[in-house]
Amino acid sequence: MRYAHEVDKVRAAEAALLARLPEGTLMQRAAAGLAAVCASLLPRVYGADVVLLVGGGDNGGDALYAGERLARRGARVVAVPAGSRTHPAGLAALLAAGGRLGDAAEIDTADLVIDGLTGIGGGGALREPYAALARRANETPGLVVACDVPSGVDANSGRVEGEAVRADVTVTFGTHKPGLFIDPGAARCGVVELVDIGLGPELPDPDVTVTGPDDVDPPLPGPESDKYRRGVVGIVAGGEQFTGAAVLSTGGAVHGGAGMVRFVSVAPAVAVVRRRWPEAVTTVIEPGDAAGLAAAGRVQAWVVGPGLGTGDAAAALVAAALGTDVPVLVDADGLTVLARHRDLLPGRTAPTVLTPHAGELARLLDADRADIEARRLEHVRRAAAELRATVLLKGSTTLIAAAGRPVRVNPTGTSWLATAGTGDVLSGLIGALLAGGMAALDAAAAGAYLHGMAARLAADGAPLAAGDVIGALPAAFRTLAGT
Ligand SMILES: NC(=O)C1=CN([C@@H]2O[C@H](COP(=O)(O)OP(=O)(O)OC[C@H]3O[C@@H](n4cnc5c(N)ncnc54)[C@H](O)[C@@H]3O)[C@@H](O)[C@H]2O)[C@@H](O)CC1
Ligand SMILES: Nc1ncnc2c1ncn2[C@@H]1O[C@H](COP(=O)(O)OP(=O)(O)O)[C@@H](O)[C@H]1O
Ligand SMILES: [K+]
């Protein structure tokens, strides 16, 4: 499993390790790793034109020492300083190896540019002349390799406030940084290579982990299975007018491995769901009939909210689901209801999973949507703590938080998912996994992974409809070992 640590933890681990090692050892390890990756990217090191963008801190030092190593192998290495200070020992080493100082115009003809402007010490929008150098590097036809973090990307959050380097490869040291996994920063990194500088033993538990295929372990049927033991998921969705979300959520559950799907709603929604998913067992209720939920029969998890509406009738159904002692996933309109009735959350003994997009989370936290999108990690953590739930924040990077646990980052998915209805599919899918007995955080992470995988398989570079994601769920399950 790939994981990341925030900057303060990286610095503390580095300090502990530095205390036991001769001065400069870590920077040499970092530079050696960076130079090796650069060399592997060049058809030939000898005679290659390499430009170093050198900021005023140790990130620039890394770039200079990597440049020294490439110069010793015959590369023509030019350092372009951006700061008022340039790592003195690094610069001396580069010059001694045959490198030289140059100006920004040399970026345009470089075979490879090493971005050593800012690393974990960067903060806020890049100032001039850093920003101009980053902009120029983004226009060069040569390869761009970011040292530790693409400059302009906030290492902790992935936030990009102004100009930021767009790297082909990012070579990061010791451990990943969360901002390398979270958009918009993640999209600036290209391929991320981790260089081991011996930090491992000094590092505490990670702040963030990336779900890998081995971490996705949906419940599988065995010889003893029957439909009830595999898990019954109840879905409360749709209304008099809106029926599409109900169909999509039910489809996510049917193909998500539920033993049975119980669908509970008003007559028009039930009629449409029955036509599309004869597999679902349906119960017709009057609007807001909370008692109808209990009468629908026993379930191991509820999904409540897609297309439900946001009025009193919807609120009664959300309250009824949350009043049960089984895991409950609240999505879409259910979240809008919750934002007005936060009193429904405390006091639950069974797990609650909330699956907001940034707008829904903004309502739940009384926060600004743009701020949530810029600092997704911080907000998803805050939501999990304040709402005492497992919170899955949807969007270009899906993050999943539960109090006291590393935040899970979902690596699958595609921007083709940004189309109406795909979130409804996700709610049913995670509901099925919850009903199958998965813990809330694992179910949410597995659901996000399979949903994103299904979308990639279905889209394959072309527009996607939410129904296509349902259709590709079986193929997504098959990508996992052991299914
Ligand atoms: N601490 C260590 O032991 C190690 C550090 N390493 C490297 O050191 C880096 C951290 O070095 P530093 O702490 O010196 O910090 P950085 O080099 O990342 O950044 C600090 C410099 O950037 C400038 N800066 C920050 N934000 C800016 C902005 N928005 N616009 C323009 N300039 C800005 C600062 O004025 C300062 O000159 C890591 O990312 C890594 O590359 C590695 O060599 C491994 C070992
Ligand atoms: N730019 C994007 N890149 C990748 N995935 C995205 C992007 N935008 C949205 N998604 C995903 O698409 C789905 C949309 O869900 P949601 O916003 O609830 O839509 P709806 O309510 O219409 O179903 C979520 O899984 C979300 O993570
Ligand atoms: K950098």
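Just so it is clear, glycine is given a Cβ too, placed from its N, Cα and C backbone atoms.
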Per TrEMBL, ASN59, ASP115 bind K(+); matching candidate in SER40, SER84, SER151: SER151
Same-site AMP binder from GLY404, GLY421, GLY423, given that TrEMBL records LYS394, GLY395, SER396, THR397, THR398: GLY423
Those residues of the chain, 6+ apart, with a Cβ under 8 Å from that of THR398 (AMP binding site): LEU392, VAL409, ASN410, GLY413, ALA448, GLY452
Rounded Cα-Cα span from GLY307 ((6S)-NADPHX binding site) to LYS394 (AMP binding site), Å: 17
Neighbourhood of ligand 3 - binding-site residues from GLY307, LYS394, GLY395, THR398 with Cβ under 6 Å: none
Annotated binding-site residues ASP58, ASN59, ILE120, GLY123, SER396, filtered by Cβ under 6 Å to ligand 1: ASP58, ASN59, ILE120, GLY123
Cβ atoms near ASP58 ((6S)-NADPHX binding site) (within 10 Å, other residues, all chains): 20
